[in-house]
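According to TrEMBL, the protein carries these features:
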DOMAIN    1-369  domain 'Amino acid transporter transmembrane'
TRANSMEM  6-32  transmembrane segment
TRANSMEM  53-74  transmembrane segment
TRANSMEM  94-114  transmembrane segment
TRANSMEM  121-140  transmembrane segment
TRANSMEM  160-180  transmembrane segment
TRANSMEM  201-223  transmembrane segment
TRANSMEM  243-268  transmembrane segment
TRANSMEM  288-305  transmembrane segment
TRANSMEM  311-328  transmembrane segment
TRANSMEM  349-371  transmembrane segment
Amino acid sequence: MVPLGWFGGVIGLILATAVSLYANALVAYLHELGGQRHIRYRDLAGFIYGKKAYNLTWVLQYINLFMINTGYIILAGSALKATYVLFKDDGLLKLPYCIAIAGLVCAMFAVCIPHLSALRIWLGFSTVFSLAYIVISFVLSLKDGLRSPPRDYEIPGEGVSKIFTIIGASANLVFAFNTGMLPEIQATIKQPVVKNMMKALYFQFTVGVLPLYLVAFTGYWAYGSSTEVYLLNSVNGAVWVKALANITAFLQSVIALHIFASPMYEFLDTKYGIKGSAMNVKNMSFRMVVRGGYLAFNTFVAAFLPFLGDFMSLTGAISTFPLTFILANHMYLKAKKDKLNSSQKLWHWLNIGFFSIMSLAATISAIRLIAIDSKTFHVFADL
């Protein structure tokens, strides 16, 4: 909202919702292509294009999930630091230290939860944590907004800088709604598969986006262009309430990271033949070393460049745009080419061209933003 303003932010979020629903629907319609279920995005790409596309899609997915996980570790570290500052603002516990602690907690959780289906009760906790954060951030923002003097809603920056910031924000918008792993998430859905996938997508992109809209719009209304990247750094309220919201954000980040890291865990488990009891000493040791090492690298990158907004832009640019929009349209075009008329084919090619240009422009913008922030704050910055 900050780099787009009211008009651009509202319209942008609504458009991002609509195009994300459309792109994910294309993937859903291809889920049973050729009479078989494709429960991995890369499996679907490989079925349509061949082995090289399978590998390329997996690389893009890996980049996407790695960047998402890095963002979650930054978010968890920011929440942990915000909690500490509420009780003791002495500057001793810096953001890189908080990110390291967050990474350690994520690694411990990854070792204890061997596979995605083992989350179960944690998904219930995840829902509670999300609702707590949404309610607290909304109520505190609303209270601040009603008491505050008129706010400045001008888009920050000037000239070229403002243009690059706006382009980067477009990547943030699509990042907010897409994962690049729809087939994996829907792998266990019941028959009729495509119909049920569409029901889930319609629900997610209507009712499911309302909490996001609520927090984004209320936060921007309350604080204007001075809104912090991490909203809870802007709000005022009782210490215990803010601490509760920060703790829920921290815990939710740990659980959410595990969900998005699971495809990599599953790939590594399969590659190295990890089978049998999850409590087997060999399997436990494997998870400690391999998952721990993976998250250690994630944590290092998060601490090295802890710019959450910039990472969201870069992730959207280099992986979400290609995976969710470019690849989805081209796969649908190739798979259904004999059933599409010329205007439908043109529509998909226009989508491919437009999102390719957006991906390139957003990548340049995101790299520029990271370079500028790195000079301004230096690496391992205490933001």
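Each Cβ is built from the backbone N, Cα and C atoms, and glycine gets one as well.
Predicted, not measured: the structure shown is a model, and the values here were computed from it.
Listed as Cβ neighbours of the transmembrane segment (94-114) (distance under 8 Å, sequence separation of 6 or more from its ends, same chain) are residues 72-74, 76-78, 80-81, 84, 122, 250, 253-255, 257-258, 261, 265, 278, 283-284, 287-288, 291-292, 295-296, 298-299, 302-303, 306, 380-383. Counted over residue pairs separated by six or more positions, the transmembrane segment (160-180) shares fewer than 3 Cβ pairs under 8 angstroms with the transmembrane segment (288-305), which leaves the two as not touching.
A Cβ distance under 8 Å defines the sequence-distant neighbours of the transmembrane segment (6-32), meaning residues of its chain 6+ beyond its ends; these are 38, 41, 44, 48, 153, 155, 166, 169-170, 173-174, 176-178, 182-183, 186, 193-194, 197-198, 201-202, 205, 209, 212-213, 216-217, 220, 324-325, 328-329, 331-332, 335.
Ranking 53-74, 243-268, 288-305, 311-328 by CB pairs under 8 A with the transmembrane segment (121-140) puts 243-268 at the top. Sequence-distant contacts of the transmembrane segment (53-74) (same chain, six or more residues past either end, CB-CB distance under 8 Å): 41-43, 45-46, 99, 102-103, 106, 179-181, 253-254, 256-257, 260-261, 263-264, 267, 295, 298-299, 301-302, 306-308, 311-312, 314-315, 318-320, 322-323, 327. Outside the transmembrane segment (288-305), and at least 6 residues removed from its termini, the chain residues within Cβ reach (under 8 Å) are 66, 69-71, 73-74, 77, 95-96, 99-100, 102-104, 106-107, 110-111, 261, 264-265, 268, 272, 311, 370, 373-374, 379-380.
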